[in-house]
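Asker: Sharing the feature lines straight out of TrEMBL:
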| type | residues | note |
| --- | --- | --- |
| DOMAIN | 21-291 | domain 'THH1/TOM1/TOM3' |
| TRANSMEM | 36-61 | transmembrane segment |
| TRANSMEM | 103-126 | transmembrane segment |
| TRANSMEM | 146-165 | transmembrane segment |
| TRANSMEM | 177-199 | transmembrane segment |
| TRANSMEM | 220-241 | transmembrane segment |
| TRANSMEM | 257-275 | transmembrane segment |
Amino acid sequence: MVRIRKIPLDLTLTEFPALVSSWWDEVNESTHWQDGIFYTLCAAYALVSSIALIQLIRIELRVPEYGWTTQKVFHLMNVIVNGVRAVVFGFHKQVFLLHPKVLIFVLLDLPSLLFFSTYTLLALFWAEIYHQARSLPTDKLRISYAAINGVIYVIQVCIWLYLWIDDNSVVEFIGNAFIAAVSFIAALGFLLYGGRLFFMLKRFPIESKGRRKKLNEVGSVTAICFTCFLIRCSVVVLSAFDSDASLDVLDHPVLNLIYYMLVEISPSALVLYILRKLPPKRISAQYHPIR
């Protein structure tokens with residue numbers, strides 16, 4: 001049974017930080033708290049994955065003739081990313097004790113890269129809309145998206161292989177720096193194309209309900225994705241320099257809860273809610289199947 005520390009009523013301001021630090025250490029070292037927090041993360045990810053799957057099925061039943069569209073691929077990738085996270089945190093006791101240590105990095109970092117690919121797919125879609133509206137060529141956008149993702153995965157696999165051969169702190173630092181750089185690139189991508197599309201829609205001369213809804217949609221998703229990738233970048237950089245902020249260990253459950261809630265669970269749930277509208281049954285110029 002978990003013992004809860006009582007807060008003294010005559011606590012002074014100088015004693016409060018020490019009490020908080022003591023509580024933090026007590027929680028981190030408690031197996032009950034660890035299990036409770038990681039199972040909570042497992043349940044949250046499983047819920048988001050289920051919502052994405054239900055939405056994917058609804059879209060497929062609505063427009064089966066379109067094949068694999070950007071919208072369908074986006075929801076499928078959400079199912080995979082959140083499903084993998086749910087499994088990892090559901091078996092956290094086994095995951096955080098794996099040897100060699102590089103296996104832990106693979107199970108924790110691979111979903112992060114998949115999350116990057118999933119949400120930059122939105123940035124790609126917006127870039128295509130923006131380029132089409134400006135009569136700019138769009139044929140190289142998908143090639144660039146695939147090439148950037150391919151290079152990122154190849155570099156990450158090389159880092160994992162090196163850690164497998166020679167596990168040292170320098171390569172771990174490089175791995176963290178790489179994830180931080182990827183997150184920063186994603187944040188810039190959303191700021192660039194989300195911002196461009198937002199201001200283009202804002203300057204659109206015709207005022208309509210559809211325009212306002214699309215403006216709110218683009219603005220909200222841009223703000224959410226930019227913020228979550230920027231937070232991920234900042235936390236990963238911090239963890240690279242401070243071992244007390246590491247997310248790859250079992251005895252930092254509270255930090256893991258805050259981090260994953262801020263950078264993946266909440267953003268995914270909010271974006272899925274914002275993009276919950278089903279595509280029209282009739283062919284729409286705004287609904288492009290993946291070529």
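Glycine is treated like the rest: Cβ placed from N, Cα and C.
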Asker: Between the transmembrane segment (146-165) and the stretches 103-126, 177-199, 220-241, 257-275, work out which stretch tops the count of Cβ pairs under 8 Å.
Answerer: 103-126
Asker: Can you see whether the transmembrane segment (257-275) and the transmembrane segment (177-199) are touching - at least 3 CB pairs under 8 angstroms, only pairs 6 or more apart in sequence?
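Answerer: No, the transmembrane segment (257-275) does not contact the transmembrane segment (177-199).
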Asker: Can you tell me which parts of the same chain pack against the transmembrane segment (220-241), counting only residues 6+ beyond its ends and a CB-CB cutoff under 8 A?
Answerer: 112, 116, 119, 122-123, 172-173, 176-177, 179-181, 183-184, 186-187, 190-191, 194-195, 198, 247, 259, 262-264, 266-267, 270-271, 274-275
Asker: Could you tell me whether the transmembrane segment (36-61) and the transmembrane segment (103-126) are in contact, taking contact to mean 3+ Cβ pairs under 8 Å with a sequence separation of 6 or more?
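Answerer: Per Cβ check, the transmembrane segment (103-126) does not touch the transmembrane segment (36-61).
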Asker: Going along the chain, which residues at least six beyond the ends of the transmembrane segment (36-61) come within the CB cut-off of under 8 Å?
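Answerer: Hits for the transmembrane segment (36-61): 69, 71-72, 75-76, 78-79, 81-83, 85-87, 89-90, 92, 253-254, 256-257, 260-261, 264-265, 268-269, 272, 276, 278-279.
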Asker: Note the mean pLDDT of the domain 'THH1/TOM1/TOM3' (21-291), expressed as a whole number.
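Answerer: That stretch averages a pLDDT of 87.
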